[in-house]
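Report on the structure given below.
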Amino acid sequence: MTNEVRVRYAPSPTGYPHLGNIRTAMFNWLFARHNGGKFIVRIEDTDRERYVEGAVESILESLNWLGLDWDEGPDKGGDYGPYYQSERLPLYRKAAEKLVAEGKAYYCHCSSEKLDKMREDQIARKEPPGYDRCCRDRGLGQKEGAVIRFKIPLDGQTAFTDLIRGEVTFDNAKQDDFVILKSDGFPTYHLASVVDDHAMQISHVLRAEEWLPSTPKHLMLYKALGYTPPLYAHLPMILGPDRSKLSKRHGATSTIEYKQAGYLPETMVNFLSLLGWAYDDKTELFSREQLIEYFCLEKVSKTAAIFNYEKLDWMNGMYIRTLSAQDLACRAMPFLEKDARIAASGHLNLDYTVKVMPLIQERAKKLNELAELCWFIYSDDISYDPALLIDKKLTKETSLSALKAANARLEALPNFDAASMEEHIRPLAAELELKPGQLFGMLRTASTGQQVAPPLFQTMEVLGRQRCLGRIAMAIARLSEMPSQRS
(Lines of atoms letter the chains of each structure in order from A and count residues from 1; the text may use other names and numbers.)
(Lines give C-alpha, C1' and ligand atoms only; values in the text may rest on other atoms or scores of the structure.)
Protein backbone atom coordinates (compact mmCIF):
# COMPACT_ATOMS: atom_id res chain seq x y z
CA MET A 1 0.00 0.00 0.00
CA THR A 2 1.31 3.44 -0.91
CA ASN A 3 1.99 6.20 1.64
CA GLU A 4 -0.08 8.57 -0.50
CA VAL A 5 -3.67 9.05 0.60
CA ARG A 6 -5.83 7.24 -1.94
CA VAL A 7 -9.55 6.94 -1.25
CA ARG A 8 -12.39 5.66 -3.37
CA TYR A 9 -16.08 6.22 -3.84
CA ALA A 10 -17.47 2.92 -5.06
CA PRO A 11 -21.23 3.12 -5.72
CA SER A 12 -23.37 0.31 -7.05
CA PRO A 13 -25.65 1.35 -9.94
CA THR A 14 -28.66 -0.39 -8.40
CA GLY A 15 -30.55 2.89 -8.08
CA TYR A 16 -30.11 6.63 -8.21
CA PRO A 17 -27.64 8.05 -5.68
CA HIS A 18 -29.26 9.06 -2.41
CA LEU A 19 -27.97 11.72 -0.04
CA GLY A 20 -26.25 9.30 2.32
CA ASN A 21 -24.38 7.79 -0.59
CA ILE A 22 -23.26 11.18 -1.87
CA ARG A 23 -22.34 12.30 1.66
CA THR A 24 -19.94 9.33 1.71
CA ALA A 25 -18.49 10.46 -1.62
CA MET A 26 -18.05 13.98 -0.29
CA PHE A 27 -16.27 12.91 2.90
CA ASN A 28 -13.88 10.83 0.79
CA TRP A 29 -13.33 13.79 -1.55
CA LEU A 30 -12.70 16.20 1.33
CA PHE A 31 -10.32 13.74 2.99
CA ALA A 32 -8.35 13.33 -0.24
CA ARG A 33 -8.19 17.05 -0.96
CA HIS A 34 -7.25 17.91 2.65
CA ASN A 35 -4.38 15.43 2.54
CA GLY A 36 -3.22 16.18 -1.00
CA GLY A 37 -4.24 12.69 -2.07
CA LYS A 38 -6.26 11.06 -4.83
CA PHE A 39 -10.03 10.57 -5.07
CA ILE A 40 -10.99 7.55 -7.17
CA VAL A 41 -14.43 6.65 -8.51
CA ARG A 42 -15.06 2.95 -9.09
CA ILE A 43 -18.39 1.60 -10.33
CA GLU A 44 -19.28 -1.64 -8.54
CA ASP A 45 -21.63 -3.05 -11.17
CA THR A 46 -21.42 -6.74 -10.31
CA ASP A 47 -25.03 -7.11 -9.12
CA ARG A 48 -26.49 -7.62 -12.58
CA GLU A 49 -29.99 -8.52 -11.33
CA ARG A 50 -30.44 -5.16 -9.60
CA TYR A 51 -28.62 -3.04 -12.18
CA VAL A 52 -30.64 0.10 -13.05
CA GLU A 53 -30.23 1.63 -16.50
CA GLY A 54 -29.14 5.25 -16.22
CA ALA A 55 -27.91 4.93 -12.63
CA VAL A 56 -24.23 5.33 -13.55
CA GLU A 57 -25.00 8.51 -15.47
CA SER A 58 -26.98 9.82 -12.49
CA ILE A 59 -24.10 9.05 -10.12
CA LEU A 60 -21.59 10.90 -12.27
CA GLU A 61 -24.02 13.79 -12.82
CA SER A 62 -24.42 14.15 -9.05
CA LEU A 63 -20.66 14.26 -8.51
CA ASN A 64 -20.16 16.76 -11.32
CA TRP A 65 -23.00 18.96 -10.08
CA LEU A 66 -21.47 19.11 -6.61
CA GLY A 67 -17.99 19.73 -7.99
CA LEU A 68 -16.59 16.49 -6.54
CA ASP A 69 -14.01 15.98 -9.25
CA TRP A 70 -12.24 12.63 -9.36
CA ASP A 71 -8.61 11.92 -10.20
CA GLU A 72 -9.18 8.41 -11.56
CA GLY A 73 -12.31 6.65 -12.73
CA PRO A 74 -14.95 6.75 -15.47
CA ASP A 75 -14.26 9.35 -18.18
CA LYS A 76 -10.82 9.98 -16.64
CA GLY A 77 -9.00 6.65 -16.75
CA GLY A 78 -5.92 6.11 -14.61
CA ASP A 79 -3.10 3.69 -13.90
CA TYR A 80 -5.28 1.20 -12.04
CA GLY A 81 -8.23 0.76 -14.40
CA PRO A 82 -10.57 -0.36 -15.66
CA TYR A 83 -12.84 1.37 -13.15
CA TYR A 84 -15.96 -0.72 -13.79
CA GLN A 85 -15.92 -3.99 -11.85
CA SER A 86 -17.77 -5.78 -14.66
CA GLU A 87 -14.60 -5.25 -16.73
CA ARG A 88 -12.35 -6.78 -14.05
CA LEU A 89 -13.92 -10.24 -13.69
CA PRO A 90 -10.73 -12.26 -14.43
CA LEU A 91 -9.05 -10.64 -11.41
CA TYR A 92 -11.77 -11.85 -9.05
CA ARG A 93 -11.87 -15.39 -10.43
CA LYS A 94 -8.11 -15.63 -10.14
CA ALA A 95 -8.23 -14.53 -6.49
CA ALA A 96 -11.11 -16.90 -5.67
CA GLU A 97 -9.43 -19.89 -7.31
CA LYS A 98 -6.17 -19.07 -5.49
CA LEU A 99 -8.03 -19.24 -2.18
CA VAL A 100 -9.59 -22.59 -3.16
CA ALA A 101 -6.19 -23.98 -4.15
CA GLU A 102 -4.74 -22.93 -0.79
CA GLY A 103 -7.62 -24.46 1.17
CA LYS A 104 -8.94 -21.07 2.28
CA ALA A 105 -12.16 -21.29 0.22
CA TYR A 106 -14.26 -24.06 -1.28
CA TYR A 107 -16.83 -24.86 -3.93
CA CYS A 108 -20.39 -25.14 -2.63
CA HIS A 109 -22.94 -27.17 -4.62
CA CYS A 110 -25.97 -26.39 -2.46
CA SER A 111 -29.00 -25.36 -4.50
CA SER A 112 -31.01 -22.24 -3.73
CA GLU A 113 -33.91 -24.50 -2.70
CA LYS A 114 -31.70 -26.31 -0.21
CA LEU A 115 -30.42 -23.03 1.20
CA ASP A 116 -33.97 -21.67 1.55
CA LYS A 117 -35.05 -24.82 3.40
CA MET A 118 -31.98 -24.61 5.62
CA ARG A 119 -32.85 -21.06 6.66
CA GLU A 120 -36.53 -21.88 7.23
CA ASP A 121 -35.57 -24.74 9.55
CA GLN A 122 -33.09 -22.57 11.44
CA ILE A 123 -35.68 -19.85 11.95
CA ALA A 124 -38.22 -22.45 13.10
CA ARG A 125 -35.68 -23.66 15.68
CA LYS A 126 -35.09 -20.01 16.66
CA GLU A 127 -31.49 -20.22 15.53
CA PRO A 128 -29.70 -17.42 13.67
CA PRO A 129 -29.98 -18.18 9.94
CA GLY A 130 -26.75 -18.97 8.13
CA TYR A 131 -24.95 -21.52 6.01
CA ASP A 132 -24.36 -24.85 7.80
CA ARG A 133 -21.00 -25.42 6.07
CA CYS A 134 -22.08 -28.80 4.69
CA CYS A 135 -19.78 -28.43 1.66
CA ARG A 136 -16.84 -26.98 3.62
CA ASP A 137 -14.73 -30.13 3.93
CA ARG A 138 -16.01 -32.19 1.00
CA GLY A 139 -13.33 -31.09 -1.45
CA LEU A 140 -15.87 -30.45 -4.20
CA GLY A 141 -14.82 -29.20 -7.61
CA GLN A 142 -16.27 -26.67 -10.00
CA LYS A 143 -19.59 -27.45 -11.67
CA GLU A 144 -22.49 -25.53 -13.18
CA GLY A 145 -24.41 -23.65 -10.50
CA ALA A 146 -21.63 -23.92 -7.91
CA VAL A 147 -20.43 -20.95 -5.89
CA ILE A 148 -17.18 -20.39 -4.03
CA ARG A 149 -17.39 -19.74 -0.29
CA PHE A 150 -14.70 -18.40 2.02
CA LYS A 151 -13.61 -20.57 4.96
CA ILE A 152 -14.15 -18.50 8.08
CA PRO A 153 -11.80 -19.41 10.96
CA LEU A 154 -13.97 -21.26 13.47
CA ASP A 155 -12.41 -19.70 16.55
CA GLY A 156 -10.62 -16.55 17.63
CA GLN A 157 -11.46 -12.92 17.00
CA THR A 158 -10.93 -10.32 14.32
CA ALA A 159 -10.16 -6.84 15.61
CA PHE A 160 -9.26 -3.53 14.01
CA THR A 161 -9.04 0.13 14.91
CA ASP A 162 -11.72 2.20 13.24
CA LEU A 163 -10.52 5.76 12.68
CA ILE A 164 -13.84 7.09 13.99
CA ARG A 165 -15.08 4.43 16.42
CA GLY A 166 -11.84 3.16 17.90
CA GLU A 167 -11.19 -0.52 18.66
CA VAL A 168 -13.81 -2.90 17.22
CA THR A 169 -13.77 -6.67 17.80
CA PHE A 170 -15.78 -9.49 16.20
CA ASP A 171 -16.00 -13.17 17.17
CA ASN A 172 -15.06 -15.31 14.17
CA ALA A 173 -17.46 -18.08 15.19
CA LYS A 174 -20.40 -15.73 14.59
CA GLN A 175 -19.39 -15.12 10.97
CA ASP A 176 -20.85 -17.09 8.06
CA ASP A 177 -18.90 -18.90 5.35
CA PHE A 178 -19.86 -16.20 2.88
CA VAL A 179 -19.96 -16.48 -0.90
CA ILE A 180 -17.08 -14.76 -2.71
CA LEU A 181 -17.80 -15.88 -6.29
CA LYS A 182 -21.35 -16.43 -7.55
CA SER A 183 -22.46 -19.13 -9.95
CA ASP A 184 -22.57 -16.63 -12.84
CA GLY A 185 -18.87 -15.89 -12.40
CA PHE A 186 -19.46 -12.47 -10.86
CA PRO A 187 -17.88 -11.75 -7.47
CA THR A 188 -19.76 -10.64 -4.40
CA TYR A 189 -19.10 -7.20 -2.96
CA HIS A 190 -16.79 -8.68 -0.33
CA LEU A 191 -14.27 -10.22 -2.72
CA ALA A 192 -14.45 -7.54 -5.41
CA SER A 193 -13.93 -4.63 -3.02
CA VAL A 194 -10.94 -6.28 -1.34
CA VAL A 195 -9.28 -7.25 -4.62
CA ASP A 196 -9.85 -3.80 -6.12
CA ASP A 197 -8.88 -1.81 -3.03
CA HIS A 198 -5.59 -3.70 -2.99
CA ALA A 199 -5.02 -3.43 -6.75
CA MET A 200 -5.82 0.31 -6.72
CA GLN A 201 -3.61 0.88 -3.66
CA ILE A 202 -6.43 2.36 -1.59
CA SER A 203 -5.00 3.67 1.68
CA HIS A 204 -8.21 4.54 3.54
CA VAL A 205 -11.75 3.21 3.22
CA LEU A 206 -14.36 5.74 4.36
CA ARG A 207 -17.77 4.14 4.07
CA ALA A 208 -21.21 3.99 5.63
CA GLU A 209 -21.77 2.54 9.07
CA GLU A 210 -23.89 -0.25 7.56
CA TRP A 211 -20.68 -1.86 6.25
CA LEU A 212 -19.15 -2.16 9.73
CA PRO A 213 -20.37 -5.78 10.24
CA SER A 214 -18.74 -6.74 6.92
CA THR A 215 -15.32 -5.47 7.96
CA PRO A 216 -14.16 -8.74 9.64
CA LYS A 217 -14.95 -10.60 6.41
CA HIS A 218 -12.84 -8.13 4.46
CA LEU A 219 -9.96 -8.27 6.92
CA MET A 220 -9.99 -12.08 6.75
CA LEU A 221 -9.86 -11.89 2.96
CA TYR A 222 -6.95 -9.46 3.11
CA LYS A 223 -5.05 -11.84 5.36
CA ALA A 224 -5.90 -14.92 3.28
CA LEU A 225 -4.79 -13.20 0.06
CA GLY A 226 -1.60 -11.86 1.64
CA TYR A 227 -2.61 -8.22 1.24
CA THR A 228 -2.03 -5.30 3.62
CA PRO A 229 -5.46 -3.89 4.56
CA PRO A 230 -6.28 -0.19 4.32
CA LEU A 231 -7.36 1.87 7.30
CA TYR A 232 -11.13 1.92 7.88
CA ALA A 233 -13.49 4.69 8.98
CA HIS A 234 -17.23 4.03 9.20
CA LEU A 235 -19.36 7.14 8.83
CA PRO A 236 -22.49 7.77 10.93
CA MET A 237 -25.97 7.14 9.59
CA ILE A 238 -28.25 9.95 8.43
CA LEU A 239 -31.67 9.92 10.09
CA GLY A 240 -34.87 11.75 9.27
CA PRO A 241 -36.37 14.33 11.65
CA ASP A 242 -38.26 11.50 13.39
CA ARG A 243 -34.92 9.73 13.99
CA SER A 244 -35.73 6.84 11.70
CA LYS A 245 -33.46 6.01 8.76
CA LEU A 246 -33.74 8.70 6.08
CA SER A 247 -36.11 7.50 3.36
CA LYS A 248 -38.52 8.73 0.68
CA ARG A 249 -41.27 9.22 3.24
CA HIS A 250 -39.19 12.07 4.70
CA GLY A 251 -39.00 13.74 1.29
CA ALA A 252 -36.60 13.66 -1.63
CA THR A 253 -33.62 11.35 -1.18
CA SER A 254 -32.02 11.41 -4.63
CA THR A 255 -29.34 14.05 -5.10
CA ILE A 256 -30.71 14.92 -8.53
CA GLU A 257 -34.13 15.64 -6.97
CA TYR A 258 -32.50 18.37 -4.90
CA LYS A 259 -30.90 19.81 -8.01
CA GLN A 260 -34.29 19.81 -9.74
CA ALA A 261 -35.93 21.43 -6.70
CA GLY A 262 -33.59 24.40 -6.95
CA TYR A 263 -30.99 23.81 -4.28
CA LEU A 264 -27.53 25.16 -5.07
CA PRO A 265 -24.56 22.79 -5.22
CA GLU A 266 -22.70 25.09 -2.81
CA THR A 267 -25.53 24.63 -0.32
CA MET A 268 -25.59 20.86 -0.67
CA VAL A 269 -21.83 20.55 -0.19
CA ASN A 270 -21.98 22.75 2.92
CA PHE A 271 -25.10 21.06 4.31
CA LEU A 272 -23.98 17.48 3.68
CA SER A 273 -20.60 18.19 5.25
CA LEU A 274 -22.39 18.97 8.52
CA LEU A 275 -24.20 15.62 8.54
CA GLY A 276 -21.71 13.85 10.77
CA TRP A 277 -18.89 16.41 10.91
CA ALA A 278 -18.51 19.75 12.65
CA TYR A 279 -15.66 22.24 12.82
CA ASP A 280 -16.96 23.69 16.08
CA ASP A 281 -20.30 24.07 17.85
CA LYS A 282 -21.35 27.30 16.14
CA THR A 283 -20.01 27.73 12.58
CA GLU A 284 -22.47 26.56 9.92
CA LEU A 285 -21.48 28.27 6.68
CA PHE A 286 -18.29 27.13 5.00
CA SER A 287 -16.80 27.75 1.60
CA ARG A 288 -15.48 24.75 -0.32
CA GLU A 289 -11.93 25.92 0.41
CA GLN A 290 -12.66 26.13 4.15
CA LEU A 291 -14.13 22.63 4.18
CA ILE A 292 -11.02 21.24 2.52
CA GLU A 293 -8.82 23.07 5.03
CA TYR A 294 -10.78 22.07 8.15
CA PHE A 295 -12.00 18.55 7.36
CA CYS A 296 -10.52 15.75 9.47
CA LEU A 297 -11.78 12.38 10.69
CA GLU A 298 -11.15 13.36 14.32
CA LYS A 299 -14.18 15.65 14.10
CA VAL A 300 -16.51 13.10 12.50
CA SER A 301 -19.19 11.98 14.94
CA LYS A 302 -19.89 8.40 16.00
CA THR A 303 -23.58 9.15 16.46
CA ALA A 304 -26.20 9.46 13.73
CA ALA A 305 -26.81 12.81 12.04
CA ILE A 306 -30.31 14.29 11.79
CA PHE A 307 -31.43 15.68 8.43
CA ASN A 308 -33.06 19.06 9.09
CA TYR A 309 -35.06 20.27 6.07
CA GLU A 310 -35.72 23.70 7.60
CA LYS A 311 -31.99 24.23 8.06
CA LEU A 312 -31.36 23.17 4.46
CA ASP A 313 -33.88 25.73 3.18
CA TRP A 314 -32.41 28.45 5.39
CA MET A 315 -28.91 27.66 4.20
CA ASN A 316 -29.97 27.63 0.54
CA GLY A 317 -31.57 31.04 0.97
CA MET A 318 -28.35 32.33 2.49
CA TYR A 319 -26.34 31.07 -0.48
CA ILE A 320 -28.83 32.48 -3.00
CA ARG A 321 -28.37 35.91 -1.41
CA THR A 322 -24.60 35.73 -1.90
CA LEU A 323 -24.89 35.30 -5.69
CA SER A 324 -24.37 38.15 -8.11
CA ALA A 325 -27.40 39.14 -10.19
CA GLN A 326 -25.70 37.68 -13.27
CA ASP A 327 -24.92 34.35 -11.58
CA LEU A 328 -28.41 34.04 -10.10
CA ALA A 329 -30.00 34.89 -13.44
CA CYS A 330 -27.99 32.20 -15.23
CA ARG A 331 -29.03 29.62 -12.65
CA ALA A 332 -32.64 30.82 -12.68
CA MET A 333 -33.19 30.60 -16.43
CA PRO A 334 -33.90 26.82 -16.60
CA PHE A 335 -36.49 27.18 -13.83
CA LEU A 336 -38.15 30.26 -15.33
CA GLU A 337 -38.41 28.54 -18.71
CA LYS A 338 -40.63 25.89 -17.14
CA ASP A 339 -43.27 28.47 -16.15
CA ALA A 340 -45.77 28.78 -19.00
CA ARG A 341 -46.66 32.39 -18.12
CA ILE A 342 -43.04 33.48 -18.26
CA ALA A 343 -42.13 31.37 -21.29
CA ALA A 344 -44.99 32.90 -23.31
CA SER A 345 -44.32 36.47 -22.18
CA GLY A 346 -41.74 37.41 -24.80
CA HIS A 347 -39.59 38.98 -22.08
CA LEU A 348 -37.59 35.96 -20.93
CA ASN A 349 -33.95 36.61 -21.72
CA LEU A 350 -30.79 36.76 -19.66
CA ASP A 351 -30.32 40.53 -19.73
CA TYR A 352 -33.84 41.18 -18.46
CA THR A 353 -33.57 38.42 -15.87
CA VAL A 354 -30.39 40.02 -14.50
CA LYS A 355 -32.54 43.08 -13.72
CA VAL A 356 -35.37 41.04 -12.20
CA MET A 357 -33.37 38.83 -9.83
CA PRO A 358 -32.29 41.50 -7.30
CA LEU A 359 -35.99 42.29 -6.75
CA ILE A 360 -36.72 38.82 -5.37
CA GLN A 361 -33.32 37.54 -4.26
CA GLU A 362 -33.99 38.22 -0.56
CA ARG A 363 -37.24 36.23 -0.56
CA ALA A 364 -36.28 33.05 -2.40
CA LYS A 365 -35.13 29.94 -0.57
CA LYS A 366 -34.95 27.73 -3.66
CA LEU A 367 -34.54 28.37 -7.37
CA ASN A 368 -37.86 26.68 -8.09
CA GLU A 369 -39.61 29.43 -6.09
CA LEU A 370 -38.34 32.23 -8.31
CA ALA A 371 -40.97 31.93 -11.04
CA GLU A 372 -43.88 32.39 -8.63
CA LEU A 373 -42.17 35.39 -7.08
CA CYS A 374 -41.68 37.26 -10.35
CA TRP A 375 -43.84 35.86 -13.19
CA PHE A 376 -45.87 39.11 -13.29
CA ILE A 377 -42.71 41.08 -14.06
CA TYR A 378 -42.39 39.05 -17.26
CA SER A 379 -45.99 38.43 -18.27
CA ASP A 380 -48.33 41.32 -19.06
CA ASP A 381 -51.29 38.96 -18.80
CA ILE A 382 -52.07 39.86 -15.20
CA SER A 383 -55.62 39.56 -13.96
CA TYR A 384 -57.01 40.61 -10.60
CA ASP A 385 -60.19 41.82 -8.97
CA PRO A 386 -60.26 45.61 -9.51
CA ALA A 387 -61.75 45.92 -6.04
CA LEU A 388 -58.21 45.23 -4.78
CA LEU A 389 -57.25 48.66 -6.10
CA ILE A 390 -59.44 50.25 -3.44
CA ASP A 391 -57.95 50.59 0.03
CA LYS A 392 -60.37 49.37 2.70
CA LYS A 393 -60.61 52.92 4.10
CA LEU A 394 -61.15 54.60 0.73
CA THR A 395 -63.90 54.83 -1.86
CA LYS A 396 -63.73 53.87 -5.51
CA GLU A 397 -63.80 57.53 -6.49
CA THR A 398 -60.93 58.49 -4.18
CA SER A 399 -58.86 55.56 -5.41
CA LEU A 400 -59.59 56.38 -9.04
CA SER A 401 -58.57 60.02 -8.57
CA ALA A 402 -55.39 58.94 -6.79
CA LEU A 403 -54.42 56.51 -9.56
CA LYS A 404 -55.03 59.14 -12.25
CA ALA A 405 -52.92 61.67 -10.35
CA ALA A 406 -50.11 59.14 -9.88
CA ASN A 407 -50.27 58.19 -13.55
CA ALA A 408 -49.98 61.84 -14.60
CA ARG A 409 -47.05 62.40 -12.23
CA LEU A 410 -45.27 59.29 -13.56
CA GLU A 411 -45.88 60.25 -17.19
CA ALA A 412 -44.18 63.59 -16.58
CA LEU A 413 -40.99 62.12 -15.14
CA PRO A 414 -37.92 62.74 -17.31
CA ASN A 415 -36.21 59.68 -15.81
CA PHE A 416 -38.23 56.54 -15.06
CA ASP A 417 -36.03 55.20 -12.27
CA ALA A 418 -36.91 54.09 -8.74
CA ALA A 419 -35.40 57.09 -6.97
CA SER A 420 -37.19 59.62 -9.20
CA MET A 421 -40.50 57.80 -8.86
CA GLU A 422 -40.36 57.69 -5.08
CA GLU A 423 -39.23 61.32 -4.94
CA HIS A 424 -42.38 62.40 -6.79
CA ILE A 425 -44.98 59.84 -5.67
CA ARG A 426 -44.36 60.00 -1.91
CA PRO A 427 -45.17 63.77 -1.74
CA LEU A 428 -48.18 63.12 -3.97
CA ALA A 429 -49.69 60.94 -1.25
CA ALA A 430 -49.51 63.86 1.16
CA GLU A 431 -51.04 66.19 -1.43
CA LEU A 432 -53.95 63.76 -1.83
CA GLU A 433 -54.26 63.45 1.96
CA LEU A 434 -53.44 59.74 1.73
CA LYS A 435 -50.96 57.67 3.66
CA PRO A 436 -48.02 56.61 1.49
CA GLY A 437 -48.95 52.97 1.99
CA GLN A 438 -52.43 53.56 0.58
CA LEU A 439 -51.14 55.08 -2.65
CA PHE A 440 -48.27 52.61 -2.93
CA GLY A 441 -50.73 49.73 -2.46
CA MET A 442 -52.86 50.92 -5.39
CA LEU A 443 -49.80 51.27 -7.60
CA ARG A 444 -48.51 47.85 -6.55
CA THR A 445 -51.76 46.16 -7.53
CA ALA A 446 -52.03 48.19 -10.74
CA SER A 447 -48.47 47.49 -11.90
CA THR A 448 -48.11 43.86 -10.77
CA GLY A 449 -51.59 42.49 -10.06
CA GLN A 450 -50.26 41.45 -6.65
CA GLN A 451 -50.88 42.69 -3.14
CA VAL A 452 -47.54 41.32 -1.99
CA ALA A 453 -44.74 41.96 -4.45
CA PRO A 454 -41.08 43.01 -4.64
CA PRO A 455 -40.10 46.62 -3.80
CA LEU A 456 -42.58 48.81 -5.68
CA PHE A 457 -40.50 51.46 -7.39
CA GLN A 458 -37.63 49.10 -8.26
CA THR A 459 -40.18 46.76 -9.85
CA MET A 460 -41.73 49.61 -11.82
CA GLU A 461 -38.28 50.65 -13.03
CA VAL A 462 -37.57 47.12 -14.32
CA LEU A 463 -40.98 47.00 -16.04
CA GLY A 464 -40.08 50.23 -17.78
CA ARG A 465 -42.10 53.34 -18.55
CA GLN A 466 -44.26 51.97 -21.38
CA ARG A 467 -45.29 48.68 -19.75
CA CYS A 468 -45.77 50.22 -16.32
CA LEU A 469 -47.92 53.13 -17.51
CA GLY A 470 -49.87 50.74 -19.73
CA ARG A 471 -50.69 48.59 -16.70
CA ILE A 472 -51.73 51.60 -14.64
CA ALA A 473 -53.94 52.82 -17.50
CA MET A 474 -55.55 49.38 -17.62
CA ALA A 475 -56.15 49.54 -13.87
CA ILE A 476 -57.81 52.94 -14.22
CA ALA A 477 -60.07 51.54 -16.95
CA ARG A 478 -61.01 48.51 -14.86
CA LEU A 479 -61.73 50.65 -11.83
CA SER A 480 -63.81 53.08 -13.89
CA GLU A 481 -66.02 50.22 -15.06
CA MET A 482 -66.75 49.11 -11.51
CA PRO A 483 -70.04 50.18 -9.97
CA SER A 484 -69.69 52.80 -7.25
CA GLN A 485 -69.68 51.52 -3.69
CA ARG A 486 -70.36 52.78 -0.22
CA SER A 487 -67.60 54.65 1.50
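Here the Cβ of each residue, glycine as well, is placed from N, Cα and C on the backbone.
Pulled from Swiss-Prot:
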type	residues	note
BINDING	Cys108, Cys110, Cys135, Asp137	Zn(2+) binding site
BINDING	Lys248	ATP binding site
MOTIF	11-21	motif ''HIGH' region'
MOTIF	245-249	motif ''KMSKS' region'
Mean per-residue pLDDT computed across the motif ''KMSKS' region' (245-249):
74
Which one of the binding-site residues (Cys108, Cys110, Cys135) has its C-beta surrounded by the most other C-beta atoms within 10 angstroms?
Cys108
Can you list, in sequence order, the residues of the same chain other than Cys108, Cys110, Cys135, Asp137 whose CB lies within 8 Å of the CB centroid of the Zn(2+) site?
Tyr106, Tyr107, His109, Tyr131, Arg133, Cys134, Arg136, Arg138, Leu140, Arg149
Identify, in sequence order, the residues in the chain of Asp137 (Zn(2+) binding site) that are 6 or more apart from it along the sequence and have a CB within less than 8 Å of its CB; answer 'none' if there are none.
Tyr106
Within the motif ''HIGH' region' (11-21), how many residues are helix, strand or coil going by DSSP?
3 helix, 1 strand, 7 coil
